[in-house]
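Take a look at the structure below.
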Amino acid sequence: MLFEILTTSIFGGIAATAFIKKQGIATNDSGKIQRIMSLSGLNVKDGKDTLSTQLITKKQYEWGWEYKYRIPLGRSFKDYLTKLDVLEDGINNRRKRIRFSDLKSLDWDGNIILQLKELWRKKLTESKEIELDYNGLLIIRVYDKPLPSKVLFIKGENWEVPVGITRKYNTFKFHDFEKIPHLALGGATRYGKSNFINSIIISLLNSKPNYVNLFLIDLKGGVELCDYENIKQTVSIAYEPQEALETLKLAYDKMRSIQMKLKKLGKKNVQEAGIEERYFVIIDEVGELNPSESVKAEKDIKYECQKYMSQIARLGAGLGFRLVVATQYPTGDVIPRQVKQNSDAKLCFRVQSGVASRVVLDSEGAEMLPEIKGRAILQSADKREIVQTPLVTSGMIKESIAPFVIKKGVQIDDYKEEINEQGRTDFATFREV
Ligand SMILES: Nc1ncnc2c1ncn2[C@@H]1O[C@H](COP(=O)(O)OP(=O)(O)OP(=O)(O)O)[C@@H](O)[C@H]1O
């Protein structure tokens, strides 16, 4: 028995070593990256000298390698971003290598040659993804495995909602609306904005059903958010600009009433006052509220809408208001300036141009995302990460709303009554502070 185990392992080891030797043991890509940079014109001529991108550090992680470079004078991060596809194709255009870590998956009691052949076949079809970043040094991350193109929905806790899987160790990332109240979303058509909005809503319905209040504006003809029309958490839902104005005004009035309440209590914000309720104003296709793009008759309505959106973005955070705006036409001022300035988190799916990417993220990059639905860049004040957002099915939506369905129109009537009633103190739920 012992002899059998020993011989199997020894012969397996010999076969693996011979195979690896033939294909080449994995090394890092630093030399190759530097060559690609110089061949693609990133070096700078300075008289007789040629200034090149200098490797400062390289480090191996579980997910791949990270390289840090000093870029030469006369080059910007943007110059490197425009070469992202050249770098990615260059890195993948080479002999595939088997790593020692790949061998861990082999069953040494089975047919080793057959398994190695299968491993090799997988390697040939596998390609690495790279990500560029800049923090004074150019950072290039080369990921051994691409992000999955489908990720299952996981609900968040409290006011956190799922954002998706990141490349680093495939960890799941959440967005905390208590830390970053407003969120701007962008992306070309069919890349996953509405799906993402659905994931926010169903996560909130699961985690905070008694405290979440929804003001929904669906200007895509009502196809995206109509599922939530008759749940108790939906205060108001709008499908047309005029209705959007009414919904925004209702949210604004509520915001003002909370502001007055806080003033009376001498508290600075809802957290301090122990108010549990949060108010989510979610607008799918905010571009439809852009006055400069509209016919004369609707201009005034849209200007009013912009005014309310800006006020909610500017004053709402401490009063428990959270704004989520999405657009598929990221041009110019499509996202109101105040909303954009107050949205410390931005999520951008693939867009058609660097200009569109800049409108959403304030920087380029989303135009270079792969053509994968649900793939996006999450940009916060100091961090930029690529994520694969979770896919939400209509079954999941149905299941999440089922416990909360009520008679049509009941919510808004109750709400207006509450706002109109002077001196009432019980329309927000307080906890002990
Ligand atoms: N995270 C995801 N993972 C996988 N597939 C997705 C994901 N998000 C969306 N999809 C697929 O893409 C399709 C379009 O998504 P969605 O309706 O969210 O796009 P959109 O950006 O809102 O488009 P539009 O602006 O045209 O309405 C979905 O029906 C779904 O099949």
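Glycine too: its Cβ is placed from the backbone N, Cα and C atoms.
If you look up TrEMBL, you'll see Gly187, Ala188, Thr189, Arg190, Tyr191, Gly192, Lys193, Ser194 marked as ATP binding site. Summarising the annotation, TrEMBL assigns domain 'FtsK' to 169-358.
Tyr191 (ATP binding site): 24 other CB atoms within 10 A of its CB, across all protein chains. A Cβ within 8 Å of the Cβ centre of Gly187, Ala188, Thr189, Arg190, Tyr191, Gly192, Lys193, Ser194, the residues given for ATP, is found for these other residues of the same chain: Gln328, Phe349, Arg350, Lys373. For the domain 'FtsK' (169-358), the model gives a mean pLDDT of 93. The binding-site residues listed here are Thr189, Ser194; among them, Ser194 has the most other Cβ atoms within 10 Å of its own Cβ. Between the binding-site residues Arg190, Lys193, the minimum number of other C-beta atoms within 10 Å of a residue's C-beta occurs at Arg190. Summarising the environment of Gly187 (ATP binding site), the number of other Cβ atoms within 10 Å of its Cβ, over all protein chains shown, is 30. Reduced to three states, the DSSP call for Lys193 (ATP binding site) is helix. The number of other Cβ atoms within 10 Å of the Cβ belonging to Ala188 (ATP binding site), over all protein chains shown, comes to 20. Look at Ala188 (ATP binding site): DSSP puts it in coil.
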